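Undergrad: Per TrEMBL, the feature transmembrane segment maps to 7-25, 37-54, 66-84, 90-109, 116-135, 173-192, 199-228, 240-263, 321-343, 376-392.
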Amino acid sequence: MINSYFAKFESFVFVSGVIVFLFLTETTAESIGIDSVLLPKTFLVALFCFIAFLRKGSMYFSANKSEFYIVFVGFFCLAMRVYADGYSGFKLAFFFIIFPPLISAAIRFQYERRAVTLRNLLILFYLIECFLAIYERAVQDLLFPYFTPEDIVGYIDIQTWQFRSNSLLGHPLNNALIVSTFIGFILASHNLSISSKLVLSIIGFLSILSFNARGAAIMGAFNISLFIFNQVRKRKGNPLILISFLGFSVVLILTLFFSIIHFDIGGRLFNSQLIDASALARIDSLFALKYLSPFELFFGDPSTYSYLTYRIGAAGVENSLIVIILRFGVVIVLPLVICWFGWIVSLISNNTSIGKLHIITSFFGVGMMNNSLSSFEPWVMFVLCTYAFVYSKRVKGKFE
C-alpha cells in the first residue's frame, strides 16, 4: 500500500515537473511576476530524480553508466567553477553538465504508460509553441516579448519580412532549436503514424519560418524532404498507398508554399543574402579562441565572453562549442564531449540510420549554428524527446 501511494506521488511529481519545466520560461514567468525562473522551473524535476534514486537504489548507478560518466566529469568541473566563481559557477556547471544526465538516468527504465504521458505532454507543448509563433507572425505582435521596451520601440519600424516570433521560449533562435529538435524526433518516432509525422513536422516548419531562423529552416526542409523521399522509396511496390501518400504530401507542401508567399513568412531566408552580417558573425566566432590566454583556454573563464565579443566585433559568440569552452575549458570539454558521444549513442542506438540522421541534424546541426546549445534547456528537451519518441527499453505493465 505504501509503495502504491509512493508510486502515485512519484507520477504526480513527474507530470507536474514536466509541465512546469516546459511552460515556465523566462518570458512567461515575467508575465506572472516571477523574477528568477531557474529554481521554480527545475525543482519538481530534480525532486523526481531524487525519488527515482531512492526507489531504484544501486540499479540507478549500474544501469546508467553513460550518464554517470558525464556526472563524474561534471563534479570535477563543479569544483573548479565553484572555486573560481562561487554560486554562479555552481549553477553554470550543475545545470548544464550534471542536470540533464541525471534526468536521463531517472527516466531511462520508466514504464510504457509514463512514456505515453510524456509524449502527450510534449506534443501539447509543441503545438502550443508552434501555433503561438505562427499567430504572432500573422498579427505582427509578440505575446511574451523577449525584448526590453526600448527594443520593442525600434522593433515596430522593421519590415514585415524581418519580424521574428518569440513564442514561449524568448529568443527566436532558442525557439527554433527546440522546434527543430521536435521535428527530428517526430520524424524518427516509433509511435506516430506517417500522416501525423508529416502534419506535425509541417506545422513545426511553419513556426521555424515564423522565428525567421534560416539555418533551422534549411535543416527542417532537408529533414522533411528526406523523410518524404524515404517513404516513397519504401512504397514503390504498392501503387495505391504510394499515390495516397504523394497526394497527401503535395497538399501539405502546397499549403506550406501558400503560407510562405501569402504571408511573407520566413523573410530572412528569402529576402536577404545567405552570407550577411549575421552569417559572418558565426564565421568570426570560429576564431574567437585565439584571443584567449593558455590558462583561459584550458581551464575556462566565463568572464571572457564580453571581451571576445568585442574582439570579434559581434553581439555574441555564435557557436555553442566555443561558448562551452569559454565557460569550462578544454580540460573539461574534451572528456565531456567523449562522454556525451557515448551517452547519445546509447539513447538513439535502437533507431534506423535515417532516424538517427533526423535527430542528429535537427539538434546538433541547428544548435551548432549559434550558441543555443550552451544552455541546459535544449539538452533536457533532448532527453525528454528521446524517452517520449524513440527510446524503447522500457518496463511494461503498471506502476509498482
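Glycine too: its Cβ is placed from the backbone N, Cα and C atoms.
Annotations in TrEMBL come from automatic prediction, not curation.
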Undergrad: Can we call the transmembrane segment (376-392) and the transmembrane segment (66-84) in contact, meaning three or more C-beta pairs below 8 angstroms at a sequence separation of 6+?
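TA: Answer no: the transmembrane segment (376-392) and the transmembrane segment (66-84) share fewer than 3 Cβ pairs below 8 Å.
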Undergrad: Apart from its near flanks, which chain residues at least 6 from the ends of the transmembrane segment (7-25) lie with a Cβ under 8 angstroms of it?
TA: 34, 37, 40-45, 47-48, 51-52, 55, 107, 114, 117-118, 121-122, 125, 144, 168-170, 380, 384, 399-400
Undergrad: Is the transmembrane segment (37-54) close to the transmembrane segment (321-343), in the sense of at least 3 CB pairs under 8 angstroms with a sequence gap of 6 or more?
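TA: Counting Cβ pairs under 8 Å, fewer than 3, so no.
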Undergrad: Take the transmembrane segment (173-192) and find every residue of the same chain, 6 or more past its ends, with a Cβ under 8 Å from one of its Cβ atoms.
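TA: Same-chain contacts beyond the ends: 119, 122, 126, 129-130, 133, 165-167, 200-201, 204-205, 207-208, 211, 213, 215-217, 219-220, 223-224, 227, 348, 351-352, 354-356, 358-363, 366-367, 370, 372-373, 375, 377-378, 381-382, 385-386, 388-390, 392.
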Undergrad: Residues sitting near the transmembrane segment (90-109): Cβ under 8 Å, six or more positions beyond its termini, same chain?
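TA: For the transmembrane segment (90-109), the far contacts come to 14, 38, 42, 45-46, 48-49, 52-53, 56, 59-60, 63-64, 66-68, 70-71, 73-75, 77-78, 80-82, 118, 302, 327-328, 336, 343, 347, 374-376, 379-380, 382-384, 386-387, 391, 393-395.
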